[in-house]
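Written out below as structure tokens is the structure these notes cover.
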Amino acid sequence: MQQAVVFIEDAIHYRSINHRVDASSLRLHRWYYSRLCQWGLGLAIAVVLLLAFVEQPSSLSTSSDPRYRLPPWEPPCGLTEGIEALCLFIFTLDLAVKSYLIGWEEFRKSKWLMGYTVVIAASIIDWMLSVSMECDEKLRVRRLLRPFFLLQNSSLMKKTLKCIKRTLPEIASVILLLALHLCLFTMIGMLLFAKTDWGLYFRNLPQAITSLLVLLTTANNPDVMIPAYTLNRAYSIFFITFSVFGTYFLMNLLTAIIYNQFRGYLMMSVQTSILRRRLGIRAAFQVLRCQGTRAAVVYVYRRAHTRVESQLRWMQNRHPAPPQYNYTCLQKIQFIFSHYYTTLAGNAVALANVICICTILVLNAEKSTAERNDYYLEVINCCFIFWYLLEMSLKLLAFGLKGYLSYRNNIFDGFLTILLMAAHISCDVIVGHGASDQPAHRLPLSAHHSRHQGTVVTAVAFPISK
């Protein structure tokens, strides 16, 4: 009966039922989760966080005006340290009870409890150093660790941090896309406007990035656009394209990703809470029926794990199975290029491509067309093109044709790689025919200029697929 009562209480408060179920542990469990103990733990957390306002140097004052502000009250050595020692003792007791109730196996799986242990140990060591130095230390490390006590004890804080952790990769990808968008249009703007009479907004790389950043945030954007629009109305296409893709598409995409991730994680959190409630109620009735100690918990968890494994199996079967190779070399290539880190490496190469192009364009910005040497840009462009083709070929080898086409990003990358490769080859062919038709005294300049424009367009376009 006591086991059933505890399981029902766990279900009401959405707690896990994977804990000790012997008589003494159940009594300790009910005492620990009683209102009095939880209020006491919350009070200890509040006190240890509020110590920062009265510890030396104190920030409490009656007035913010330095003319009327009295010297702050400095507590005697040992007063705040004694209160902090009591709070650390409560936290240590809380950790010991939690660890005993869930057992060593579950304790090792809980990253929060492992971090709780490290934070308490570091706080105690720092407290001992502070007492031994008679409160005359220069730095108190434990002050930086105190917010962890609040995070560890609040399920809402844990859910929020997990949601932020899940959202950061996609937010980082959109921010990187925004940075590439800004960088690409900065290069185009410098090529278009750097030599004009009003081109002070694009005369160098920092000024150009600042101008387009102002345009992206829609702050004083007429100052950037109107001079170019006054000179030639066709220049408005550049600014309209930049604003449409940057301000109205990528910025809204960033907002949508944050909202979608938080909404999705909230739904998963609600589903997990409902599952815990169902597990608790089912375990309570199973205990009353079986009169066993751990039989109910094991039975319920097996059913839950079976359901989760079936869902994972269904998610893994959405993509076709990769081909099977008998050779060890091909198996290693398949393992490497089907791994997630290969995608990250491809993104890093694309970012390096953009950085190289930006660097060369900045170096050539102050030079005339006749003075520029595009040999290094051609070599760098060919190296990156070779990498993109190699990556596409090895991914085809790793996933197979059907598996490769089952990922939308692979379809986009492959299509854009083939398209831009064809554009680069056709550009070189056109340059070759155009150079052969030019007079001898104009051949170097014309060929040089045409090749420069084709190289820039092709090389800049490749990283967009990432």
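Heads up, the Cβ atoms here are built off N, Cα and C, so glycines get one too.
Unlike curated entries, TrEMBL annotations are predicted automatically.
Source: prediction; values computed, not measured.
Positions annotated as domain 'Ion transport' by TrEMBL: 74-262 (among others).
Residues or ranges marked as domain 'Ion transport' in TrEMBL: 355-425 (among others).
Look at TrEMBL and you will find 36-54 (among others) tagged as transmembrane segment.
The transmembrane segment annotation in TrEMBL covers 113-133 (among others).
TrEMBL lists 171-193 (among others) with the feature transmembrane segment.
Residues or ranges marked as transmembrane segment by TrEMBL: 237-259 (among others). Counting only same-chain residues 6+ beyond the ends of the transmembrane segment (237-259), those with a CB under 8 A from a CB of the stretch are 167, 170-171, 174-175, 177-178, 181-182, 185, 188-189, 192, 212, 215-218, 221, 224-225, 228-229.
The transmembrane segment feature in TrEMBL is assigned to 340-363 (among others).
Among the features that TrEMBL reports, transmembrane segment is placed at 375-399 (among others).
What TrEMBL lists as transmembrane segment is 411-435 (among others).
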Count up the helix, strand and coil residues in the domain 'Ion transport' (355-425) according to DSSP, in that order. 59 helix, 0 strand, 12 coil
Averaging the pLDDT values of the domain 'Ion transport' (74-262) gives 84
